[in-house]
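S.K.: Pasting in a structure now, in structure tokens, and then I'll have a few things to ask.
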């Protein structure tokens, strides 16, 4: 050391960073890494499949984004879409949350401006991962705000890979939730910051954050109810302050005004029951402020008590009366079914089958909590404990956010997503606080040991300290063990998250992949095969009927008009389709014709063993159809309370349209070696009705693995015309006439000429006669009659103008 | 003053054309064809006609121009005409290609269209030479019935003349027509004519005067898929960093008999030879060797059914459309691939660069109705000029790609009615200074530099209003 040149060591020293700078550097680099990690962990699906839009709803978002890029914002805002909900159409601009599309187009425009030759699809695919990365940053700052920067870093890491969030933000899942979780967390963070500082700027920022959230997702209702609840709790616990007053009022007023700019939301903030809590709390705040002022002015406490009593009663009474009047007059709309179903998990099952039919609206199973949160599930209570130990305005907020969102997560699988940021933050507090405590323990020891060793012969002070330390030998070992335990758990969490992401959440569900017999990867691309066929080979204005799940995909990929789609705003229309699918073909064709349908599309997994096909969804068609049209009765389709497709199935089931369309000519098909033909691999049974005959529909296209089958609706038959089209001579069909010719001879007066006449109606007069002659010469029935006479009689009977002397040529 | 000038001009023009036609007619009158043999190959939807003409100069003046004539209906579908002449004697024969140019003749009977073959050496009086002519016809087989069901096979009409249409007297001629299978529904008889196996023979006919025509109609089975690319846009982007990126957008249609009624997958899968015999199941594209990063996709994503086979001489890409194409069905898709630049970009002696690339469509046995080739030159290149072996429409465009400031020059070439025979090379010449290659990396580097400078500045500047 001593031989080292002094100048060099000086130089080294000048490069050496101060501890604070070092910490900053480490923090920034960790954040950068987390930012990148959050992005790349969501790219599994792109690497494994391709850069494509996933699932159902994202296809609608993608289609609208395309429209926005092509036609500009104003056209988008006023867009009336003729291609969905035929014949009703849909006011798209007024019935969607435009935040996602506007965001994607903005990113796209910026990239284009910087001359990056990207396609809008790539932007859409990567929007969700990009916003997930941004969410980690927000999580860091939020953690820093409520606890410390360590907790912030841990929160950022946890949320970056948490499966509960990844499930809705992988590349290609171009859905509202992708940007909404960012907006949600950002709004909360900025609001908490505003409450902590009382700064008007932060609360303005939270109003804009709220506006962005409103523009992006219907889940904004959660914010607008959680924040007043939080404020109420603060008021009750006596934590009212000027900071809170500024933050809340500014955020509410501005946020409300901004939210009204979104057409889909409109004046709901002042008109709907779901938004009344925030208004009530707003007035309560004013009352509080007023009372505070009065209290300040009045020195007499007794007088103030009396005043308080009167004011509070008055305020509550006025509020109650206003609410009651609003409800009665219909100015304030009552809570919607969806809101009820959140508060009461059994509500949807009994009242709204269409909500219950969606798998992501089911109550959450314990296993999916474990699947989506893993160790966070038990770090969460620990974090709550730490929060309660260090109560502040911020920790109260996160506790409330955590508890309420956990409740909603229990009600609906889908809402795990909303709970995820809270769970991550609270768990991060637990991890950070624990690790911090443990390392403080370890470090204090090390220091002592170090000082002891360097000083060599210690004085009485150091020896007494050493004695004190030795009194807790377990503590150090215990701390090390606990630290290792914590790191082990966290590493398990990381592996679990990666596994879940890669196995469960990175499948586009448009393309299905399976393992072949030799371990090779087999791809079923049937959906796109069918949609592309529709797009290329059907008339531009063809109307396609399918179950509502596939509506968005058909309009986006097939570019054809659909009857119903995933925007389930009109239950009756969906029920009509459900009724058509579950009726006999004769009845169904009437509905199909009344809806002006050209093609019927069904999804069928019997050949491949794909289980989420229309036969398995059939019970919802029956239930939703039966909910509106009592003609459809569920017991008709059931045998011993279950849906069956084999020989033991109910007769109505075996002959309803859905069954026929799925199993048309399936009875000839050998699906599995050693099984009889017509063996349904998705349900593992041999089908019950192998001889399916279609009368009004014909097979137009079936994909290579039979997953999608498309049927064409035949034009209505001409009256009693059996096969030929009108205006063509088809002697084979004129057997009826020949019959008649025989009759004419016998009984001229009242021969049943009608069926015959309609047959030759389409023919030109002379042509009709010639055609009849051909038929007679072919002599279908082997009758011999006096041709020329009876023929002219017959034709005259049909009011055809033919020369009476017409004679059949040789 | 202007009118008389115009009149004089017009008069001059008329005189000139008169003179011209006299010249023409003189050459017309003095040539005769002593022997002609025509072989028409109908085995695919592109009709290939090989014509062997033995031309004799019966006049007194030497001539170097030989006329070919086509009925107007055929001329519309004529994709290419080539003429060859054999040179040398006995074993050491070589084929020499001759110039062929479309020609307008004022007194053409029934709007017949003409092509002139320019002989390398003028044909002296009394001499004779043998010319081989090859021409290809597209869209010349008309499906009848025009609509067929899945299990029916495709029958087509082919119309032509039993006698070769020629402005010359033909002493002796014969026509052989090869059909794809032995299944021939009917054919017009012009005695002597007979059919054996897959061949129909018309002739030999002797001594027919100029413009003899005897229409024939052949109705036969042709189950080869009629793959027609209605529109193809090929974009070739040159990057001097070593890559040539090719993107091809296809609009493919099956131009055979339209599909009628049901498409049954179970029949199609279990009896592929009987059902959908004329359907288009896959296509083969022949790409240059050393092709890399090949993709095959359409508007809604990647199409997984394609196979690439590469060897040192060529690459073959076998692509299946998402669904089998029946008559009248359409499919659009995009094929893209990268190629090493050194195989296609060369430098001339005068320091210019040129791209040497194939013009036509890489799909085999495919007719292209309209082809647009776009060559995207690197940013900063100047004076582009294209050399194409056949007439095309040309213009320039500008395209903006990654980090472009002034945009890239695009040379656009358009041509209609192409067959695989058009897959010859074309060249695009341009000048380019290598310093332009550094523009984009420098731009990126300076942007990042500025960003870091801004960060440093932000950290060192106190922006707060209150102290």
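The chain as shown is numbered from 1 upward.
Heads up, the Cβ atoms here are built off N, Cα and C, so glycines get one too.
Values in this document were obtained by computation on a predicted structure and should not be read as measured data.
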S.K.: What range among A:3-23, A:24-44 does TrEMBL describe as transmembrane segment?
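M.R.: That would be A:24-44, the stretch labelled transmembrane segment in TrEMBL.
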S.K.: Pick from A:343-359, A:394-410, A:411-427: which stretch is listed in TrEMBL under transmembrane segment?
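M.R.: Checked against TrEMBL: transmembrane segment maps to A:394-410.
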S.K.: In the same chain, who gets a Cβ under 8 Å from the transmembrane segment (A:245-264) while lying at least 6 residues past its ends?
M.R.: 77, 93-98, 191, 194-195, 198-200, 202-204, 206-208, 210-211, 214-215, 220, 224, 227, 231, 270, 278, 281-282, 285, 288-289
S.K.: Can you work out which residues elsewhere in the same chain, 6+ from the ends of the transmembrane segment (A:369-387), have a Cβ less than 8 Å from its Cβ atoms?
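M.R.: Sequence-distant neighbours of the transmembrane segment (A:369-387): 158, 162-164, 167, 395-396, 398-399, 402, 406, 409, 416, 420, 423-431, 433-434, 489-490, 492-493, 496-497, 500, 504.
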S.K.: Can you work out which residues elsewhere in the same chain, 6+ from the ends of the transmembrane segment (A:24-44), have a Cβ less than 8 Å from its Cβ atoms?
M.R.: 17, 128-130, 132-133, 135-137, 140, 149, 153, 156-157, 159-161, 166, 169-171, 497-498, 501-502, 506
S.K.: Which range wins on Cβ pairs under 8 Å with the transmembrane segment (A:123-143): A:91-111, A:149-167, A:210-233, A:394-410?
M.R.: A:149-167
S.K.: Under 8 Å between C-beta atoms and at least six residues away from its ends: which parts of the chain pack against the transmembrane segment (A:91-111)?
M.R.: 61, 64-65, 67-69, 73, 76-81, 118, 120, 123-124, 127, 130, 174-176, 178-180, 183, 212-218, 262-264, 567, 569
S.K.: In this predicted model, what is the average pLDDT of the domain 'Hydrophobic seed protein' (A:730-808)?
M.R.: 52
S.K.: Mind checking how the domain 'STT3/PglB/AglB core' (A:543-600) divides into helix, strand and coil residues in DSSP?
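M.R.: Summed over the domain 'STT3/PglB/AglB core' (A:543-600), the classes give 32 helix, 8 strand, 18 coil.
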S.K.: When you scan the chain for residues with a C-beta under 8 Å from the transmembrane segment (A:394-410), skipping those not six or more beyond its ends, what do you find?
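M.R.: Cβ under 8 Å, 6 or more out: 145-147, 188, 191-192, 195-196, 222, 226, 229-230, 233-234, 237, 239, 342, 345, 363-364, 369, 380, 383-384, 387-388, 416, 418-419, 422-423, 425-426, 429.
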